[in-house]
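Enquirer: Look at TrEMBL and you will find 1-68 tagged as domain 'EMI'. Among the features that TrEMBL reports, domain 'FAS1' is placed at 69-204, 208-339, 343-465, 469-601. The region 'Disordered' annotation in TrEMBL covers 569-601.
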Amino acid sequence: MTSRCPGPEETKQPHTLMLLLYTSHPNVCYFTNCKQWYNRKVCGQPTVITYECCPGYEKVVGEKGCPAALPLVNIYHTLGAVGASTTQLYTDRAELRPEIEGPGSFTFFAPSNEAWAALPTEILDALVSNVNIELLNALHYHMVNKRLTSEELKHGATFTSMYQDFNVHVHHYPTGIVTVNCARLIKPDQHATNGIVHVVDRVITAISNDVHTIIDVDDDLETLRTAIAAAGLTAMLETDGHYTVFAPTNEAFEKIPQETLNRILGDPVALRDMLNYHILRNMQCAESIVTGTPLETLQGTVLEVGCDRNAMTLNGKAIVTKTDQLGTNGVVHYINELLIPDSAKTLLELADGSNVPTATRLFVEAGLHSHLTGSEALTLIAPQDDAFKGGESMTPALKTLLSHLILKERLSSKSLYHGQELETLGGLKLRVFVYRNNLCIENMCIAAHDRVGRFGSMFTVNKLLSPPTGTVMDLLKNQDRFSVLVGALQTAGLTELLNQQGALTFFAPTNDAFNSIPTAERNRLLRNSAELSRLLKFHLSEGLLVSGGVSSHTRVTPLQGERLELGMVSDRAKPGLNRAKPANRAKPGAKPGTKPGLNRG
């Protein structure tokens with residue numbers, strides 16, 4: 001009786017074996033436990049759930065399930081009943097039959113018929129030659145001299161086989177998959193009178209080398225072997241453990257620009273980080289993967305290990321060329337692309353690997369290449385592509401602006417605080433604004449997680465910098481659309497307030513806003529300094545609020561009146577203004593729905 005996972009179509013059927021198979025695979029693959037596979041997909045392929053009687057049970061007409069229990073038979077006859085008839089045949093040829101028919105209590109990891117058929121012809125021929133001794137040794141390696149159910153096959157356990165005391169290595173994964181030497185149990189717990197049979201999906205071989213030795217003896221991993229020695233990782237890969245190594249081949253190293261490769265190979269810290277990024281903390285056989293899973297590396301970040309049909313993938317790419325090279329302390333999978341973590345990259349390489357191609361190009365064109373490829377402790381602020389108008393050409397003004405997007409220290413967004421000032425490479429001081437829903441530097445708000453490189457960090461932001469220039473009054477005077485407002489501020493006696501250095505947010509009415517008021521009422525308002533002052537103070541609030549700090553129902557307190565309530569309008573998330581009346585009930589004059597401009601002091 002195997003473990004079962006319930007489905008909506010399932011009825012209680014005692015002694016029924018549930019199999020999961022994915023039909024688009026050229027060879028139908030079976031899974032006997034569908035824990036966490038309720039989405040009915042394995043490696044992206046649709047699955048079909050079927051029910052079969054467990055060996056030793058039969059259906060009874062008119063009754064559900066397979067209630068008729070047959071007597072147990074010995075291991076030899078059980079092999080024939082569970083789809084391992086080829087293993088049964090080879091036990092005859094190797095003269096193993098008397099042993100598995102006789103007294104004892106054995107566990108037999110029996111390769112399925114398909115597993116034997118998948119062996120290369122030359123290997124199979126070698127097994128059945130030499131007066132059958134090699135075949136007998138191979139079969140004994142599939143056996144343990146005691147009964148072990150799947151529940152006893154704990155993750156990371158080793159058991160002594162019946163071939164020269166070589167160990168078999170068991171891993172039990174959270175998905176419910178159990179492997180022995182990376183062969184998956186496809187029909188576990190088939191009981192016999194003298195033991196138990198677990199059908200596996202491949203023929204397993206004895207292992208005696210550790211992970212480092214596997215790498216050391218393969219000429220295709222020569223560059224990796226040299227890099228491991230230079231990074232001082234040889235001893236670690238020779239010690240006990242359960243490592244997974246994604247081993248880049250010589251071809252993988254050759255794909256990297258020589259300048260980049262030389263830089264990393266010459267930097268012990270970057271080299272060690274890069275190699276540790278190829279090593280998982282736990283052993284992960286290819287057969288254990290049924291969907292994409294983030295797994296922690298020795299470098300400290302994660303790799304997305306997944307599968308696409310029958311191909312193992314890393315970070316969504318099918319770059320694994322050979323799987324499950326098993327060692328005594330882990331497993332090696334060969335890959336044809338080198339994985340370079342952020343921690344081994346320059347700032348320019350971080351930008352190249354992010355969705356900021358326009359910013360990356362402009363930084364280089366601005367002559368900032370040396371800062372982005374050197375060992376200075378810097379932070380790069382990289383605007384997303386939609387922050388640019390398109391077709392930007394390099395000008396002195398743009399070059400200066402880009403120099404203000406490189407900060408003079410290596411920062412983490414988690415260390416930023418409200419009111420902090422950050423000095424740029426161009427000598428400007430940028431202010432930090434921390435809001436409930438956003439973290440902004442001037443008008444730019446951080447749009448993605450930090451990327452931390454070898455010497456610097458990168459912030460991705462949603463806008464191009466608008467450097468702070470002058471006072472609020474200076475800004476208004478420099479834009480013709482605020483000419484009526486400038487006159488109104490002078491009449492109201494507020495110019496001194498807006499010329500001061502301080503923190504104010506002004507929801508500034510444009511000329512169009514004033515012109516929307518009936519002419520007689522507008523003329524009366526513009527001549528009344530006291531009423532005008534109250535009205536304009538209703539548009540002012542203390543503190544700096546950039547548009548990135550506005551969300552639904554954001555409330556601020558104006559200098560006059562009870563409160564202003566801001567919201568987001570349109571797909572471009574412009575701030576809207578919902579008005580509470582000023583304390584003196586003066587009519588503000590703007591028509592409903594008017595969107596004020598937002599200017600920063």
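In case you wondered, yes, glycine gets a Cβ from its N, Cα and C as well.
TrEMBL entries are annotated by machine, without manual review.
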Enquirer: Take the domain 'FAS1' (469-601) and average the pLDDT across it for me.
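Expert: The average pLDDT of the model in the domain 'FAS1' (469-601) works out to 78.
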Enquirer: From the DSSP assignment alone, can you count helix, strand and coil residues within the domain 'FAS1' (69-204)?
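Expert: Going through the domain 'FAS1' (69-204) residue by residue, I get 49 helix, 38 strand, 49 coil.
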Enquirer: Counting by DSSP secondary structure, give me helix, strand and coil numbers for the domain 'FAS1' (343-465).
Expert: 36 helix, 30 strand, 57 coil
